[in-house]
Amino acid sequence: MEVNGKDDLRSPLLKHPNGAVVTVVPPNNGGNKKIRTLSFKVGGITCASCVASIESALGKLEGVQSVMVSVLQGQAVVKYFPQLVSAKTIKEAVEDTGFKVEEFPEQEIAICRLRIKGMACTSCSESTERALLMVDGVKNAVVGLALGEAKVHFDPNVTDTNRIIEAVEDAGFGADLISSGSDVNKVHLKLEGITSDDDFTTIRSSLEVLEGVNHVDIDMDEHKLTISYEPEIIGPRSLIQCIEQAGNGAKSYQAILYTPPRGGETERQHEMLTYRNQFLWSCLFSVPIFVSSMVLPMFPPYGNWLDYKVINMLSVGVVLRWLLCTPVQFIIGRRFYAGSYHALRRKSTNMDVLVALGTNAAYFYSIYIMIKALTSESFEGQDFFETSSMLISFILLGKYLEVLAKGKTSDALAKLTDLAPDMAYLLTLDGDGNVISEMEISTQLIQKNDTLKIVPGVKVPVDGIVVDGQSYVNESMITGEARPVAKKPGDKVIGGTVNENGCILIKATHVGSETALSQIVQLVEAAQLAKAPVQKLADQISKFFVPTVVVAAFVTWLGWFIPGQARIYPRIWIPKSMDAFEFALQFGISVLVVACPCALGLATPTAVMVATGKGASQGVLIKGGNALEKAHKVKTVVFDKTGTLTVGKPAVVSSVLFSKFSMEDFCDMTIAAEANSEHPIAKAVVEHAKKLFQKYGSQNEHFTDVKDFEVHPGAGVSGKVGERIILVGNKRLMRLFDVPLGREVEDYVSENEQLARTCVLVAIDGKAAGAFAVTDPVKPEAARVISYLHSMSISSVMVTGDNWATAIAIASEVGIQKVFAETDPLGKADKIKELQLTGSSVAMVGDGINDSPALVAADVGMAIGAGTDVAIEAADVVLIKSNLEDVITAIDLSRKTMSRIRINYVWALGYNVLGMPIAAGILYPFTGIRLPPWLAGACMAASSISVVCSSLLLQSYKKPFHTSRP
């Protein structure tokens, strides 16, 4: 294949003599540099005139950069600026010319993450979710209460992040953009040498003409710059160089890296400080109120001055309490009024409504008492100013402690984020690979293909490949594997791991958001946002919880007030300082404020956050609450064989010829056929055949190409090498093509299968030509893991595309009783469904592309971390270090988590079920015990804190099973 240069990569793929390309000069659109490509079929094209009509129509649209229409394929490829023209407009323009648009791609879906401020309970998160879903163009929205974040899927042609943020703010909550799909790779710079606004324009223009720059955001006040870029095309050092070169003559610009504060942590610190300060200010007013109303009256000489009358029956104590309580009620407590207003405007209710109702009832009744005392010469009544102020103080204290505890739930994720080092040693090499210079740079400035020096005791900054040197690397912080792993040239290293002893040079292969560490963090963040099905219980309860509590409080007040007025219960029950109305009001307010919807809303998400973070730190990535909930129900685990139960590094132990072909020709044709296969056994066969080829033939490394290559799932491959048809695979492939297998072949196959080896047969022109015997050793921990699963009442099954004899031999070795062999990928999925029909919840553990259908079909898919990206994408759980013991860890952690969630629900529901009747005074007639409103508020705050602390106990989780290592 001839390489003609970079420009050829940009030319349209669909070129034909009868096709045409028209280039439209794009407008000068400043920052809108990102171009999208749209490809679709156009029906009814018959000649060049049709092409000209379509291209002319599209060329008139502002924002269309180029149009290419092929007559033969009936296909159009359009490059356009999405900021100026939408895909829908392009489609309509083609249809207006009289042609039918077919196979139009589905609308593009973009993703953004928002930080939501001001959510207090499940009702708040549900309201935010509803507000987001009502935005035109939003396809899906998930709001996490414990995380305080939202993930939104939207059509960028219909809406944008600004409109999404506006929707959240209209619902009464604050919102900040954390990230959008287009700005995952960003660099933050601080500019120096800026003297006017023209300098910003110059720098912006210089950056926006660079290929690979998506967006430039400038903060003129702070002289800061944020650039979103494509790491495949450009890197941060190139961007800084561009800024410095933008200066001319007297103008000199400099750009230095700055690290913006971590959003979530900053917000949490701000929230903690806000609640703490408000609580302290509240105490400054509430403590004197409490002392004047509850403490001093008990010591007559010291409290007598509070009873001095100012006007009529209005005493000094009441006026003092009113003056101190009012700032607490309306200034410090205004957050509850704002929350109630926004909730009621959304036609919903939340905790703020309960607090506002309770405190207002106490405050305004006290105002009524004060007015009556002011205007009467004989009136005596009890004010409740201490109830209002103490209630607000205790709730603010509870919120402060709750935020403090919630911050601990994401500790594991924060530790993962902090694993990457700050600095790295960058080497400059000459053409011969000799080091010219060495420079210490920030890890944020590392670009793809950089050569980095890793000295002993230093963390690896990014993912890469060792190009020189040998060492041992401690990967426990990523994989949970305690033993250091040997690294030599050609081996991969993971960013965030620690180089133990030797000095190695690595070539950076993945930087920024593409590193394994970043991917793990993103996956865990997404998991913490995903709702578990058990969360639906809290969502359902929250819909009617607050209205039910309000009704219960009103019924409680009536239940004490009417009998009190009618003297149905003894008058002695009512304290001397109160009448029946005030006595009943105390019970009603207590019911209002003791009920806690927050504890219910936090029961599930806090446990999921701790569990997913803890799992990630131990090498088990669980993709959210749904996967956690399903994993705890698993009763059957289905294992793939190659790469899952076995090491996954098969090696050929013997080869044989059954025909007149020379070993050189036999190996050449085998290599040609198997070279395109991704299967581990195929790779082992190719590697062994190359060695034989060099042993029996020439040293030339050029092998014959294969034509008409075809994969037969679960059987093998076929193709045409020269004029010969070649088949490479198992006995099933031979049967499929009616290849006769003689006695010699059958004996060879049978003999090796008894030894748990896999036989790869090679047929040329319909006759068996030879075979390879491949062995793949069983993982050392496999038998113990199967045994431990059995002790957990979980049955194990093996499903493989390999032959029955080998499958049974491997299964016997590890202790698996049930085996399905000679199964293709779709057949594996069918076997999973058969097991599910028996009523068993099934987990599938696999590693390859051929396992993807089964991983999706299973109730819980578990992908081995060393497997393919497709398998990992299809799975619910990813085992980072490819160790089978983590299958047990995943199931056990999910069981512990679901048990903790149940305990949280029992506590939250039990608290409300027991707390409300006690607050309503059910014990008072028998024991004389009643719950004052301020104490009821303290109990409400304590319930939320207890649920979060209960979830935090998962931090102490330990793996139930460890295999002994040599």
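Just so it is clear, glycine is given a Cβ too, placed from its N, Cα and C backbone atoms.
According to TrEMBL, the domain 'HMA' annotation covers 36-102 (among others).
TrEMBL lists 110-176 (among others) with the feature domain 'HMA'.
TrEMBL lists 185-251 (among others) with the feature domain 'HMA'. Under DSSP, residues within the domain 'HMA' (185-251) fall into helix, strand and coil as 23 helix, 20 strand, 24 coil.
Per TrEMBL, the feature transmembrane segment maps to 279-299 (among others).
Residues 278, 281-282, 285-286, 288-289, 292-293, 305, 359, 363, 366-367, 369-370, 372-380, 383, 385-386, 388-389, 392-393, 396 of the same chain, all 6+ positions outside the transmembrane segment (311-332), place their C-beta atoms under 8 angstroms from a C-beta of that stretch. The transmembrane segment annotation in TrEMBL covers 311-332 (among others).
The feature transmembrane segment is assigned by TrEMBL to 353-371 (among others).
Annotation source TrEMBL lists transmembrane segment at 383-401 (among others).
Annotation source TrEMBL lists transmembrane segment at 544-563 (among others).
Look at TrEMBL and you will find 583-604 (among others) tagged as transmembrane segment. Taking Cβ pairs closer than 8 Å, the transmembrane segment (583-604) reaches residues 120-123, 125, 145-146, 350-351, 354-355, 357-358, 361-362, 365, 384, 387, 391, 395, 402, 406, 531-532, 534-535, 538, 541-542, 545-546, 549-550, 552-554, 556-561, 564, 573-575, 625, 901, 904-905, 907-909, 911-912, 915-916, 918-921, 930-933, 936-937, 939-940, 943-944, 946-948, 951 in its own chain, all 6 or more past its ends.
Look at TrEMBL and you will find 905-927 (among others) tagged as transmembrane segment.
Here TrEMBL flags 933-954 (among others) as transmembrane segment. Sequence-remote contacts of a segment are chain residues at least 6 beyond its ends whose Cβ falls under 8 Å from one of its Cβ atoms, and for the transmembrane segment (933-954) they are 290, 355, 358, 362, 384, 386-387, 390-392, 394-395, 397-399, 401-402, 405-406, 408-409, 586, 589-591, 593-596, 598-599, 602-603, 606-607, 609-611, 614, 896-897, 900, 903-904, 907-908, 911-912, 915, 919.
Between the transmembrane segment (353-371) and the transmembrane segment (383-401) there are 3 or more Cβ pairs closer than 8 Å, counting only residues 6 or more apart in sequence, so the two stretches are in contact. If one looks beyond the transmembrane segment (279-299) by at least 6 residues along the same chain, the residues whose Cβ comes under 8 Å of a Cβ in the stretch are 306, 317, 320-321, 324-325, 327-328, 332, 383, 385-386, 389-390, 392-393, 396-397, 400, 934. As a summary of secondary structure, the domain 'HMA' (36-102) carries 22 helix, 24 strand, 21 coil according to DSSP. Beyond the ends of the transmembrane segment (383-401), by six or more residues, the same chain brings 120, 272, 275-276, 278-279, 282-283, 285-286, 289-290, 292-294, 318, 321-322, 324-325, 328-329, 332-333, 336, 355, 358-359, 362-363, 365-366, 369-370, 582, 585-586, 589, 593, 932-934, 936-938, 940-942, 944-945 to within a C-beta distance below 8 angstroms of the stretch. Regional average pLDDT for the domain 'HMA' (36-102) in the model is 79.
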